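J.: After the structure tokens below, expect a handful of questions from me.
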Amino acid sequence: MHIILMGPPGAGKGTQAVLLAGQEGIPHISTGDIFRAHMSQGTPLGKLAKEYVDAGKYVPDDVTNAMVRDRLAQPDCKKGFVLDGYPRTPEQARALDEMLAELGLALDAVINIDVPDELLVERAVGRRVCRSCGATYHVRFNPPREAGRCDRCGGELYQRSDDQEEKVAVRLNLYHSQTAPLLQFYKERGLVRTVRGDQPMDQVTADIKEAVRASR
């Protein structure tokens with residue numbers, strides 16, 4: 001199965017992508033992981049991407065597309081993959097179509113995890129991270145035993161600047177503006193299956209599994 005997993009920031013997409021890839025016995029391909037691998041290995045593409053990242057600029061599509069194509073061309077992708085974080089725009093989706101056609105592959109499903117914005121904001125704004133060990137808590141859903149202190153090491157818990165409400169709202173607005181045309185692109189081809197991401201994690205996992213089964 002060749003699958004794209006979509007979902008807004010805070011939807012638990014990364015976790016579900018790893019679980020789905022494990023269930024299917026196929027690789028989980030995250031663009032974040034690809035970027036880090038190329039940059040840490042100092043590949044020509046990695047060096048080019050690093051120049052943009054270090055300058056605080058958006059990495060151009062041709063660089064991102066080339067990195068993704070390099071990964072999809074590896075033998076373990078022949079029988080399937082779970083793409084996480086790509087494509088983000090219809091332009092990238094068209095580039096992906098060309099890559100897959102060249103490689104003799106085709107998409108089977110686009111799974112969209114849908115979560116109300118209010119819940120995504122609540123999840124992010126309530127998140128707290130330990131300064132010492134990096135453990136993550138939530139003031140409502142997973143609070144520490146002692147407020148402001150890590151259960152594991154006693155370190156101070158803090159709110160990341162990215163988790164402030166204004167910044168979360170900006171990320172969500174950007175996601176929606178990019179994703180609406182992308183979803184339409186795939187809906188016109190009958191590939192999109194939407195699951196509710198505002199349920200317990202196990203139920204979301206089960207619904208994704210059913211969506212994949214229905215796409216075979």
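Our numbering is plain: 1 for the first residue shown, then up by one each step along the chain.
In case you wondered, yes, glycine gets a Cβ from its N, Cα and C as well.
According to Swiss-Prot:
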type: BINDING; residues: Gly10, Ala11, Gly12, Lys13, Gly14, Thr15, Arg127, Thr136, Tyr137, Gln199; note: ATP binding site
type: BINDING; residues: Thr31, Arg36, Lys57, Tyr58, Val59, Gly85, Tyr86, Pro87, Arg88, Gln92, Arg160, Arg171; note: AMP binding site
type: BINDING; residues: Cys130, Cys133, Cys150, Cys153; note: Zn(2+) binding site
type: REGION; residues: 30-59; note: region 'NMP'
type: REGION; residues: 126-163; note: region 'LID'
J.: Run through the region 'NMP' (30-59) and tell me, per DSSP, how many residues are helix, strand and coil.
T.: 22 helix, 1 strand, 7 coil
J.: Out of Arg127, Tyr137, Cys150, give those binding-site residues positioned within 10 angstroms of Arg160 (AMP binding site), comparing C-alpha atoms, in sequence order.
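T.: Those close enough are Arg127.
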J.: Quick check on the region 'LID' (126-163): DSSP residue counts for helix, strand, coil, in that order please.
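T.: The counts are 3 helix, 12 strand, 23 coil.
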J.: Any same-chain residues 6+ apart from Tyr86 (AMP binding site) with CB under 8 Å of its CB? Would you list them in sequence order, or say none?
T.: Ile4, Ile29, Thr31, Thr64, Val68, Gln92, Leu96
J.: Please work out the number of neighbouring Cβ atoms within 10 Å of the Cβ of Cys130 (Zn(2+) binding site), leaving out its own Cβ.
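T.: Summing over all protein chains shown, Cys130 (Zn(2+) binding site) has 20 other Cβ atoms within 10 Å.
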J.: Please tell me which one of the binding-site residues listed here (Gly10, Lys57, Arg88) sits closest to Cys153 (Zn(2+) binding site), measuring Cα to Cα?
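T.: So, of the listed binding-site residues, the one sitting closest to Cys153 (Zn(2+) binding site) is Gly10.
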J.: When a 10 Å sphere is centred on the Cβ of Arg127 (ATP binding site), how many other Cβ atoms does it contain?
T.: 20
J.: With every protein chain in view, what's the tally of Cβ atoms within 10 Å of the Cβ of Arg88 (AMP binding site), excluding that atom itself?
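T.: Result for Arg88 (AMP binding site): 17 neighbouring Cβ atoms inside 10 Å.
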J.: If I take every residue in the region 'LID' (126-163) and average their pLDDT values, what number comes out?
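T.: Across the region 'LID' (126-163), the average pLDDT comes out at 97.
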